[in-house]
Amino acid sequence: MRFAEHGANTAPPLIKPSVAVIHEAPASGKTRMSTCLPPALGTWCHSRNGMADGGSEAAKPLLVYLDGKLYDVGPFAKKHPGGEKVLRRLAGDEIGKFMRGQERIMAVKHEHSAAAYHILEQYAVEKTHKKDALLDISIPILWKVGDLKHDYWTWIHQPYDGTLRLFKSDFLEMLTRTAWYIVPLVWMPVVFYFATLGLNEMYQKHGIFNGFATSGALFSFGFLMWTLLEYILHRWVFHFKPDPDSYNQITLHFLLHGLHHKTPMDGDRLVFPPTPALLIVAFFYSIYKAILPFPVFCCFASGKLFGYVCYDMVHYYLHHGDPEPSSTMHFRKVYHHNHHFKDFDLAYGISTVLWDHVFQTVGLGPL
């Protein structure tokens, strides 16, 4: 039996399974089947023909069963790595066979990780999400994570579907949060400026054909070098394992990447904030400008910066986009989420999987 979604915001305690009810439509005389939770659930009555009352899509519960236990995954639906459509198709169903990868849904078969079950447990109807067993996450935690010591590595790989406050200061906290569109707004004008400058210099020096070809090749090479740098940073910098007895190493790792693995669905902390990014861009600017001829610098550096912008946009989409099942981007989305939820020592490539193949760290996609 499958539920359709219905408007409600608060889940009462879990009780006995639902019962089927036959409704007779007065105008047509046709009957329709709906599945209603027992009376203790109040307005939680779901019909295959839609909601009985109004309410936004976001407010509708989306009920599923796992081994007989009821979950409302409505708040999580848009964040689901496999796409919202998959969850809505399973509304009201027993999902165990799909989570265990025993059957296909929308042409995809996927065995879910322990982390996926951990996230699902947060949406159990009979309880609210328990407090974190190791940290009080209701207060700023940046200066607390170092105290986790040997528990830290396990803790960051138990994802939390929410946001965590880092600083007591509202100003510092604001600097850690960035809407996705800020990245292209800040950096694409810089890319365009230097790319145009480099193209003009190459045109003046080599003519229209050779100038375009040379500047295009340098721009593309800069883009490719970004993808290599991205892989190196992700694998050997962001994924370094801190000394469990070092407070400073743990805190640094949490700032660099641990927070992202702890809260992978936090949309305001997916792209890199412009303030620290400016320092990194200035560092590479000073190096490249000192060692490269100016036209070469303009074309190469603009291509590399464009690669970074693409990386941040792709990364955001892999977490919050909703690609069609079985599409290339759906494969990439599952591939990246398996890095988060199944095996964090594989699948380091985000803009491209090229370097995963080169360095033999290819991860898993859909089955």
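Glycine is no exception: its Cβ is also placed from the backbone N, Cα and C atoms.
Here is what TrEMBL says about this protein:
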type     : residues                                                                       : note
DOMAIN   : 46-129                                                                         : domain 'Cytochrome b5 heme-binding'
BINDING  : His80, His112                                                                  : heme binding site
TRANSMEM : 178-196                                                                        : transmembrane segment
TRANSMEM : 208-229                                                                        : transmembrane segment
BINDING  : His234, His239, His257, His260, His261, His315, His319, His336, His339, His340 : Zn(2+) binding site
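Spatially, by CA atoms, the binding-site residues His234, His257, His261, His319, His339 include one closest to His80 (heme binding site), and that is His319. Cα of His339 (Zn(2+) binding site) to Cα of His112 (heme binding site): a span of 12 Å. Counted within 10 Å of its Cβ, the other Cβ atoms near His80 (heme binding site) come to 20, all protein chains included. The binding-site residues His112, His234, His257, His261, His339 differ in how many other CB atoms lie within 10 Å of their CB, and the one with the most is His339. Rounded to the nearest whole angstrom, the C-alpha distance between His261 (Zn(2+) binding site) and His112 (heme binding site) is 17.
Over all protein chains present, the Cβ of His319 (Zn(2+) binding site) has 20 other Cβ atoms lying within 10 Å. Counting only the Cα atoms, the space from His257 (Zn(2+) binding site) to His112 (heme binding site) is about 23 angstrom. Taken residue by residue with DSSP, His339 (Zn(2+) binding site) is part of a helix.
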